[in-house]
Amino acid sequence: MADLINYYSFSKDEWKKFYSDIELPLTEHELKHIKAFNDQISLQDVSDIYKPLVHMIRLQKDNFSEWQTKKARFLHKPVRNVPFIIGISGSVAVGKSTTARVLEDLLTNYFTGEHIQLITTDGFLYPNAELKKQGILDRKGFPESYDMKALINFLNSVKSGVPVIKTPVYSHQVYDIVPDQFEVINRPDVLIVEGINTLQLPQNQQIYISDFTDFSIYMDADPDLIEKWYLERFGKLMDTAFLDPDNYYHKYAIGDRNQAFDMAKDVWQRVDMPNLNENILPTRSRADMIMHKTVGHLIDRLYLRKY
Ligand SMILES: Nc1ncnc2c1ncn2[C@@H]1O[C@H](COP(=O)(O)OP(=O)(O)O)[C@@H](O)[C@H]1O
Ligand SMILES: CC(C)(COP(=O)(O)O)[C@@H](O)C(=O)NCCC(=O)O
């Protein structure tokens, strides 16, 4: 990534040294909690990578809140608590939702008294029935498969301080939007928005997701590794589907396992990899931070935007 002239580049060893003067209370309980939702996650990485990151986000958020207060005073408007929004982008299966959950946990733990919430932009995918109607079911994840207007309105409502906002829910197990199920976003201090499209600039839009984010992260890795992680996740989703006929992966779980993996490989090659190359990777250089992952999901390099 020699072309990234506007980024500082750090090895993990360099990055971890930036955390020194404040104590992040990463207790046994906290580490257990993280292990409970992903027992594969490296706790060394949580400490080396995320402690400095959380510290840096603290500095940025304080700066952001101070500016919001000054701006309100300048404009003779009431001072209010404007949510700080963090966007997390990257390929399907690169580990965005796992990173987002670790960050949610750590921010909740460290930003004492502040309300941290997390949503995924998957909730703004059109339901399968609508994708079918439009003839784009095999374009799930591509820009046209999202209800961008609803997503932008949602982000605008969050920033404007609307008290209770319901967002639709996407389930990987059902492989669709779950009807009548919502998540409630209620005046967070920090909202983490995770999704493949958080840095995209769709041509038919005038306002973008990134107009509402205050710090953005792009999760990066070699596409061959991401394919491997995609297939491993497919295997895990099959493993949990055996006893549940309503689960999208049930038909694969009870059938021939090799054939199921062949199908998943085909979906990766036809849908998710082209989407990575055409629509996701080109947005990498817009991120404030690029986290590069290697074998075993370990983070080996970080890039931080200089200006
Ligand atoms: N840091 C990590 N350590 C171990 N496994 C991980 C890590 N991050 C992600 N994974 C695994 O990789 C797969 C894809 O991760 P996920 O967070 O679902 O990706 P995304 O949200 O980008 O689609 C999942 O099986 C997940 O458990
Ligand atoms: C819903 C998604 C677009 C979102 O990706 P995520 O980053 O949450 O894994 C993706 O998981 C997906 O379903 N892609 C369509 C092709 C496929 O079945 O992989």
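Glycine too: its Cβ is placed from the backbone N, Cα and C atoms.
Features of the protein shown, as given by TrEMBL:
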DOMAIN    85-233  domain 'Phosphoribulokinase/uridine kinase'
BINDING   G90, S91, V92, A93, V94, G95, K96, S97  ATP binding site
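Location within the structure of each feature annotated in TrEMBL.
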residue	record	Cβ within 10 Å
G90	ATP binding site	29
S91	ATP binding site	25
V92	ATP binding site	21
A93	ATP binding site	22
V94	ATP binding site	26
G95	ATP binding site	22
K96	ATP binding site	24
S97	ATP binding site	19
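Closeness to ligand 2 is met by V92, these being the binding-site residues among G90, S91, V92 whose Cβ falls under 6 Å from the molecule. Residue counts for the domain 'Phosphoribulokinase/uridine kinase' (85-233) under DSSP (helix as H, G, I; strand as E, B; rest coil) come to 58 helix, 41 strand, 50 coil. Restricting the average to the domain 'Phosphoribulokinase/uridine kinase' (85-233) gives a pLDDT of 96. Surrounding the centroid of the Cβ atoms of G90, S91, V92, A93, V94, G95, K96, S97, where the record places ATP, the chain contributes additional residues within 8 Å, namely I196, M219, I226, W229.
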